[in-house]
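Record features (TrEMBL):
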- 3-99: domain 'Cytochrome b5 heme-binding' (DOMAIN)
Amino acid sequence: MELTLDQLKQYDGTDPSNPIYIAVKGRIFDVTTGKSFYGPGGSYAMFAGKDASRALAKMSKNDEDVIGSLDGLTEKEIGVLDDWEKKFEAKYPIIGSLTA
């Protein structure tokens, strides 16, 4: 399955009939089983339906960081992102990828 960023927004947890998806480094994870974290009111709800790569790398919950751009990240931040990616891979199914 391939989704654009606009299509990914449909999977932000606000429609209970849809799963909750988060993209990390262009891959889309189904985080529905973690809806207490990623669903509405959850501590990481701002990541749902978006590419959270930059925010994860920077350990940030700021809206301006919840994007896929890795431009200007430090080596340490890239390492943090890689660690997050491994955690997502171990916990959630990959259901597709982002497309332009």
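Glycine residues also receive a Cβ, built from the backbone N, Cα and C atoms like all the rest.
With helix defined as DSSP H, G or I and strand as E or B, the domain 'Cytochrome b5 heme-binding' (3-99) counts 43 helix, 15 strand, 39 coil.
Per-residue confidence over the domain 'Cytochrome b5 heme-binding' (3-99) averages 97 (mean pLDDT, predicted model).
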